[in-house]
Amino acid sequence: MRREVSTSTASTASDLDESSHRRGRRSIGWLRRLGVAACIVDREGDESGFCSLDDNPRARMRRVKVRPSKKRAREFSAVYMGQEFQAHDGAILSMKFSPDGRYMASGGEDGVVRVWEVMEVDRADGNDVPGDDPSCIYFTVNPSSELAPIFMGKEKVNGCKGIKKTSESACVVVPPEVFRISEQPLHEFRGHGGDVLDLSWSKDNKYLLSSSMDKTVCLWQVGCNSCLKVFCHNDYVTCVQFNPVKEDYFISGSIDGKVRIWAIPGCRVVNWIDVKEIVTAVCYRPDGQGGIVGSISGTCRFYDLSDNHLQLLDQICFQSKKKFPGKRITGLQFSPSDPRKLMVTSADSQVRVLDESDVICKYRGFHNTGSQISASFTSDGRHIISASEDSNVYIWNSSNQDIPTPMQAKTISSYERFFSENASVAIPWCGNSTRKQVFGDPNSPSDSSYNAMLSPSGRFTLTHGFFSESLSKDSATWPEEKLPASTPLTASPSLCRSKYRFLKASCQNTVASQAWGLVIVTAGWDGRIRSFHNYGLPVRM
């Protein structure tokens, strides 16, 4: 077994190139060293600080245009931008949610690691949702899973009008609690003397690792403002990850070509291997018994990590028909719903999903040739989210990845995308309790279908059995039409026939989609963080 004893000390700010610390003139550092052009925005003249887009935490949300490509249905039919605020001085290069979704960490060119608290806050009223679009119908949801029309008062005054169908039509369901990031950081961890390149949370949500251009990995703890430990390397540390089972260990990759297994007690390297090329991504298997290493040449190496020994099992070099300047691996992640499936993001603008060592799916559409962009699975593994060099966020449905034979990978070019200015990172929020409250648990057999009926309070309730009833041809409004006999009725709001049909179709489409309620957070080359919420039910095209 090869061992390495690290004797170097952490680099200080004075040891680094002064130009990399000038505001608005920072470089991507290690990417520039690779000869890769960086998409850095010149922010000279911007004010630093943590001012939000609007001082009112319940300011009106803005709907963003989602552009589908080769899709049969729009899963993200009504996406709203909820927040935008200045988070860092310079580009944000890494951002990660804690496993429980309560915290979000970010780091980048300013060398500061910030931890943000994540909350679900009550909506005070319906004024935060624009309701003047006649092509949409709007509902809110109470804790009893009842859908209540938000703007019925206007219809009573102006008369019931049918929905004006357009390409942007959607059934918008706004939950009673909405995702929110505290715009003042819970922690500001200062200690790095260079750009922060990667972050990793421990499974207990208490500890955070950060890797940097200053040739160190730092260990931080939520609730403690000082650095707990520093792990020194010989060159830039490009990637780092906690062991998902044994949190006393972590793996790191560096520009010096070495992959190291570290024991946190004692700050020592217990095993290492030299792949003889720049390491760009590392990832543990979910059981902690294996690991994958991605490199600048586009090679993925698979290792057995039993007893923290690095033993090479297999390697794959991805080939692309197009001549890209680099095929380097920019991200690795196992599917949260299937531990056999590994997602590999690479700089040839492709996301590949592997079943063990076989490529079964390729996702295309986004642009990634000069950045360290990494795609992410949603918490249920049904969607893949990625930023792009064209400042769009791309979303692929990944729920149907199985193919008859592993000899030919399935290429998926259907996606939805929306614009997020200067986006360098895009990640989905891993917590979504509201989604389960409203539409149930997708993994539960009892919640395999979702229907709507009118509750005694005169609101639509998501239950089983209603949509098996046909809509009466003679009825013009809901709820005057025929209802199941078991449904008690009191004074009820009237919903136009066209709007009811649209709601019915949207709820039925929701059976095959888990996109409602999904939150996506982006971080930018401009140092700003933005949050986006999908409140639209699926719409067939």
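Each residue's number is its place along the chain shown, starting with 1.
Placement of Cβ uses the backbone N, Cα and C atoms for every residue, glycine included.
Values in this document were obtained by computation on a predicted structure and should not be read as measured data.
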Region 'Disordered' according to TrEMBL, located in which of 1-20, 181-200, 441-460: 1-20
Secondary structure tally of the repeat 'WD' (189-230) (DSSP, helix then strand then coil): 0 helix, 27 strand, 15 coil
Residues in the repeat 'WD' (374-397) grouped by DSSP into helix, strand and remaining coil: 0 helix, 12 strand, 12 coil
Secondary structure tally of the repeat 'WD' (85-118) (DSSP, helix then strand then coil): 0 helix, 21 strand, 13 coil
